[in-house]
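Record features (Swiss-Prot):
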BINDING   712-714, Glu846, Phe887, Ser889, Lys892, Lys916, 952-953, 1032-1034, Arg1147, Lys1153, 1176-1177  ATP binding site
COMPBIAS  20-30  compositional bias 'Low complexity'
MOD_RES   Thr70  phosphothreonine
MOD_RES   Ser85  phosphoserine
MOD_RES   Ser389  phosphoserine
MOD_RES   Ser392  phosphoserine
MOD_RES   Ser396  phosphoserine
MOD_RES   Ser403  phosphoserine
MOD_RES   Thr782  phosphothreonine
MOD_RES   Ser1542  phosphoserine
MOD_RES   Ser1592  phosphoserine
REGION    1-74  region 'Disordered'
REGION    272-279  region 'Involved in phosphatidylcholine substrate selection'
REGION    364-384  region 'Disordered'
REGION    631-635  region 'Involved in phosphatidylcholine substrate selection'
REGION    1544-1563  region 'Disordered'
TRANSMEM  253-273  transmembrane segment
TRANSMEM  278-298  transmembrane segment
TRANSMEM  599-619  transmembrane segment
TRANSMEM  640-660  transmembrane segment
TRANSMEM  1232-1252  transmembrane segment
TRANSMEM  1263-1283  transmembrane segment
TRANSMEM  1314-1334  transmembrane segment
TRANSMEM  1351-1371  transmembrane segment
TRANSMEM  1378-1398  transmembrane segment
TRANSMEM  1419-1439  transmembrane segment
Amino acid sequence: MSSPSKPTSPFVDDIEHESGSASNGLSSMSPFDDSFQFEKPSSAHGNIEVAKTGGSVLKRQSKPMKDISTPDLSKVTFDGIDDYSNDNDINDDDELNGKKTEIHEHENEVDDDLHSFQATPMPNTGGFEDVELDNNEGSNNDSQADHKLKRVRFGTRRNKSGRIDINRSKTLKWAKKNFHNAIDEFSTKEDSLENSALQNRSDELRTVYYNLPLPEDMLDEDGLPLAVYPRNKIRTTKYTPLTFFPKNILFQFHNFANIYFLILLILGAFQIFGVTNPGFASVPLIVIVIITAIKDGIEDSRRTVLDLEVNNTRTHILSGVKNENVAVDNVSLWRRFKKANTRALIKIFEYFSENLTAAGREKKLQKKREELRRKRNSRSFGPRGSLDSIGSYRMSADFGRPSLDYENLNQTMSQANRYNDGENLVDRTLQPNPECRFAKDYWKNVKVGDIVRVHNNDEIPADMILLSTSDVDGACYVETKNLDGETNLKVRQSLKCSKIIKSSRDITRTKFWVESEGPHANLYSYQGNFKWQDTQNGNIRNEPVNINNLLLRGCTLRNTKWAMGMVIFTGDDTKIMINAGVTPTKKSRISRELNFSVILNFVLLFILCFTAGIVNGVYYKQKPRSRDYFEFGTIGGSASTNGFVSFWVAVILYQSLVPISLYISVEIIKTAQAIFIYTDVLLYNAKLDYPCTPKSWNISDDLGQIEYIFSDKTGTLTQNVMEFKKCTINGVSYGRAYTEALAGLRKRQGVDVESEGRREKEEIAKDRETMIDELRSMSDNTQFCPEDLTFVSKEIVEDLKGSSGDHQQKCCEHFLLALALCHSVLVEPNKDDPKKLDIKAQSPDESALVSTARQLGYSFVGSSKSGLIVEIQGVQKEFQVLNVLEFNSSRKRMSCIIKIPGSTPKDEPKALLICKGADSVIYSRLDRTQNDATLLEKTALHLEEYATEGLRTLCLAQRELTWSEYERWVKTYDVAAASVTNREEELDKVTDVIERELILLGGTAIEDRLQDGVPDSIALLAEAGIKLWVLTGDKVETAINIGFSCNVLNNDMELLVVKASGEDVEEFGSDPIQVVNNLVTKYLREKFGMSGSEEELKEAKREHGLPQGNFAVIIDGDALKVALNGEEMRRKFLLLCKNCKAVLCCRVSPAQKAAVVKLVKKTLDVMTLAIGDGSNDVAMIQSADVGVGIAGEEGRQAVMCSDYAIGQFRYVTRLVLVHGKWCYKRLAEMIPQFFYKNVIFTLSLFWYGIYNNFDGSYLFEYTYLTFYNLAFTSVPVILLAVLDQDVSDTVSMLVPQLYRVGILRKEWNQTKFLWYMLDGVYQSVICFFFPYLAYHKNMVVTENGLGLDHRYFVGVFVTAIAVTSCNFYVFMEQYRWDWFCGLFICLSLAVFYGWTGIWTSSSSSNEFYKGAARVFAQPAYWAVLFVGVLFCLLPRFTIDCIRKIFYPKDIEIVREMWLRGDFDLYPQGYDPTDPSRPRINEIRPLTDFKEPISLDTHFDGVSHSQETIVTEEIPMSILNGEQGSRKGYRVSTTLERRDQLSPVTTTNNLPRRSMASARGNKLRTSLDRTREEMLANHQLDTRYSVERARASLDLPGINHAETLLSQRSRDR
């Protein structure tokens, strides 16, 4: 019995039918089920029939449908068309080429509304030419609906009669009642994005119908759809022209500082508070608000333009068919008027911009060129335009169907291949709708359930299910660059049942519905079911829909003439919009700590104001000794009232103690810093044409405080450009290479790797030339390209010729054929040479494997309708692919199943499964009886050798199936593939059954080369005090060898291995949790004498130096999962890693990467940086304080989610050590300077209040209060934060130890802030009391006999001393003195004197009139100014001089060396990580430096006494030229020669292992015997076959030969 909760079938006329094909998940309640019956309608229901099923009552329209029984289609023709196999016969565009004149006549008759559109179908055609309609939102189509449907909007209610209910309150209540609060008009765009991004709504299932009425349970009481889908119109803007002013003002006054100053302005507007000029007092706030509004307006205007362009983009929507899934929008006259005005303004703006400016005319011309190019390209692509040039291969018309896109997908194409051509959607018994046509319309008018056709080079307007394409097999190319950043083309496949649809006439003769999961953010997952009624037997048919059948909004159609699809998600439900709001907002550490400084100033402000209120109230109470200074004194009538008013007067008077311009100044500074980073040419990657791009402009100072860097390996430390180097086939190893990891291993053995590497590479080059000649002579390989040959082995060419016997020849052929068949790559003609095919792979590994097979004569040249085309030694063969079982991270393997025909037509065919995957996975699935034991041992030893060289290894295997075995399995597979829920898990279970009992073919080894400058970059970061953790998904041995080659590990380190299981840890128990806990506890106790207590963790948080021990932690994913589980376990694991110099986490998932970053960041309270290049690094990047994305080979998703984007890993050293240190030091000096200068000015007023009972009178003329921060003192401080440099970028890179001051937080802390505040208090005393003592008795008389005792005149003295001392104080604290900064210091002083002279010459200055002439003319003024400034600056200058001479900081020592010219031999911008850097061989030694410096491992950036300074290492070793072996540029903290290890060439030094079982001992004895034989026969390289890192335990996950064999020998 069907479940009543399932959606009902749209078919209502047939009462009894057999059930169709079953599907899991969203099975519809079909009227063809036996349990479905009609009851006799009662009078209460009128003309509605009621259907009962399973106890539920379903309403149905009684109007019967047409008979859907299947006639004899062989006798049925329509419009003279009886052949549906030829695309050219039924394509809209091709059919009407001869009728353009008549169609253009119809186009000219098109009106703005669909009502006026009339067109006549041409005879013998499949539809209509696309007609462009100016279809506004308010347009309705009479052919689409019998009655108008109104879409709910605020203030516009829909109803059947078309009447509009204007009552907005009732409308809102009605909408909430019927749609369960599903109205989103009242929420902001940001909220909707955030909610949709954070919530997984995949369980919100939806059913979308085409050409069918909705079931009654999906309609409301008015017969309108219950489901409300978002419009396809997007709005990323915050404002509209009408709402910009109020919303922007409201947004700005969410800032507490702005609210605070607004309250003060409101208070100042009341005369009782004594503000002299309230209007002038509002100038600073008005300026800040206007500047911010202009900035916001410019930013939002760009978004508005982009929104308009996107929403008004044209696409082709099928018209003439009623879309039952949505209600038609009813647009009110007011909205029509607003939209008409908006369109008119846009048109006017476009007209003037395109016709009155040169840039606009050029843009208009470019648009016309693009349109012509698009139309030309659209006509040029046939059924397989991208493969047309392969016609020289003389393939059939079906040749060229590309493979599917399998990356990160867990879906399949096999179920689509199960349908015959007769099992399709088109019901030829139905008459085509003559009013149905594809018409151009705006993206914003696309709705769920619409049929959309997209042409070549057009973007996809919404997420839609692909129904058909111009290609005969329903495939199309899409570019997903806008979605995930990847530039390689991907293939999407139309549904098998609908690929025959080629025209608007065909689609009108179909009826179907889609059961879909809800919207979610996963770009690589989609599950749904496509259902229709079989025209032959009336059963409900089902075809599963997966991500391969989905075209996502934002993608672009490429190399395909057109594609047709059904819209399933629109607007905010599309995946690109859901992912738009994922990136979190980050705030820098200084910005967070700045709040505490502001609070301290508020406390100080309150104390001053409270004091003023108390004093003034007390004096008011003592009337005989006080005066009523204010008019309110007689009104208040009490001391308490007087004190209360005086408190707020003081708040207004001392408001500058909390600087209003601080926040906007910080924003300006960080913007400038981001611009400098972006324009740094030394961070520009010329190969990618990619500069360092700041995406988060407000965290630049965090770059200078990084203590931990978390890095991915593949694509980050390595290039992710895979090169096939070696392989093992039938126990024979092929290939010769000298890898970087091998060079690092040989270097640890004490070998001169430069000479050995040069010799090896010369021999490899000779073998390569020989191999190329032999390959050319062996066969006519049309795809052979010597430049792409990375696999060098002349032996394999000889074996392919049969020199080692037929058996080895067959093994090599089978191995290479497996490489050519088991993959998911695409091929396209090369643009320069169409006969050559370019490989388009989803991963570099697959590209390397397929490319190597091609070079050896097994070329994959394309796909046919039924399989793959492989050119074998010049002869093309077709292989029918039955199924492809995709790779995913949990399976760690992929397989393909090939059909093998019988030897005779009567023989039953067979199925061959080819599987490739991780060596450990393949070995565990090998058949224990059909594989030769010696062969497995040899292969395992070869794989061990490859992994030791740092190569990535894979294994290939196969299994032969009988046809009956395959048919039984594929039935279960199809059921799993049709499941909507848990489809991935079901598929994994089914594939696990068949991927067993495999026969080993061999193994491959691929090199992922290190990026340029990685070893030097890591060495510099380590010397800077930055700890590097490598978080990778690679196997442990590969990661370790890469770690040694890139300086993460060194030979002096002891590796502390943490793993959850294995024979070596049996003594710790069998429970993984117990094993990991015991291991970590043992290491803490034995190596560091720690127990893992809370007190030890608190002590570790205070320690920021480098670990004293020489240890490294190696942990795999299973052990890491245990280590992150539980507070105690996390604490112990973190303490262990904290005391180690390097940490390698291997086989970790993206979620584990993010968890490790969060653990370190939150627990240790340190600054973290995460760097990666792939989508699996996004979580880690977003979890760190600073996320850096590398624009690499794995797409740009990491770049899009990062805070900074760079081209290579080595650029992070300059980003951190140079720009990070500069930004941190600048901002750390600017902020206390900002508070300091305000304290001087504000406290001068406070001292003045002592002598007037704090009555609130102003010492300064009021304009001084406004311009002091705005013009007199702001520019020097801002220039300090933008341009100051402690040392040059070259010195910063050569002496990375200078960076440690940021890690130790020496430049910015509350102690420094309080010190500046105290200095400001002292200088405020000087600024006020020096002029006061000089003038308080009016001893100075001017020439005209007038005194200078007016408070405004005295205020000129105070202001002049404060402005001059502040600006000179800033100049003194700068490291960089140049004419530019000096110029602005002078200009700031000139502004003060210029304004005073200009303002006092105007009578508007009232009491201040002629003040400048009277004050500046007195010699006493200049004397007081000089003495006041001298006493302000002399104490600080004296203290700084004493400290620098007797207690210098390391930066001051290095600066003296730099200024003396000790680094002059290094060119400007010298980068030790740049491979193309100049070599510095001769450096002038230091012979007259008074005292050597200490820059050893204890360097902390703080001051040292003379007694503690000792001669040691860096940079003295640099300056004395002692860096010959260090390449002349690396700043190293240790120059001692490392102990050289003798090469190990025997097996006696193999690590001892705990073999607890007899099986293990027997296995080891056999393997040792095989190893010795191979060594004797020179089948293993003795240089590194037994090399092992010094480790506490056998390394986890290292696929030693015995490890692989033990996995095989275990019972499954």
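Positions of Cβ are set from backbone N, Cα and C atoms, glycine also.
Thr782 (phosphothreonine) has Thr953 as its nearest neighbour among the binding-site residues Asp712, Lys892, Thr953, Asn1176, going by CA to CA distance.
According to DSSP, Lys892 (ATP binding site) sits in a coil region rather than a helix or strand. Considering only the recorded positions Thr782, Thr953, Asn1176, the Cβ with the fewest other Cβ atoms within 10 Å is that of Thr782.
Remark: of the binding-site residues Asp712, Asp1034, the most isolated position is Asp1034 (fewest other Cβ atoms within 10 Å of its Cβ).
Same-chain neighbours of the transmembrane segment (278-298): 238-239, 244, 248-249, 251-252, 258, 261-262, 265, 268-269, 660-661, 664, 1262-1263, 1265-1266, 1269-1270, counting only residues six or more beyond its ends whose CB sits under 8 Å from a CB of the stretch.
For the transmembrane segment (1378-1398), the residues of the chain that approach it from at least six positions outside its boundaries are 1263, 1267, 1271-1273, 1275-1276, 1279-1280, 1283, 1356, 1359-1360, 1363-1364, 1367-1368, 1370-1371, 1411-1412, 1416, judged by C-beta separation under 8 angstroms. Each of the binding-site residues Glu846, Lys892 was scored by the number of other CB atoms within 10 A of its CB, and the lowest score belongs to Lys892.
The transmembrane segment (1314-1334) is in contact with the transmembrane segment (1419-1439), judged by 3+ CB-CB distances under 8 Å for residue pairs 6 or more apart in sequence. Among 253-273, 599-619, 1263-1283, 599-619 has the largest number of CB pairs under 8 A with the transmembrane segment (640-660).
Non-local neighbours of the transmembrane segment (253-273) in the same chain are 281-282, 284-285, 288-289, 598, 630-632, 645, 648-649, 651-652, 655, 658, 660, 662-663, 1256; each lies 6+ residues outside the stretch with a CB under 8 Å from one of its CB atoms.
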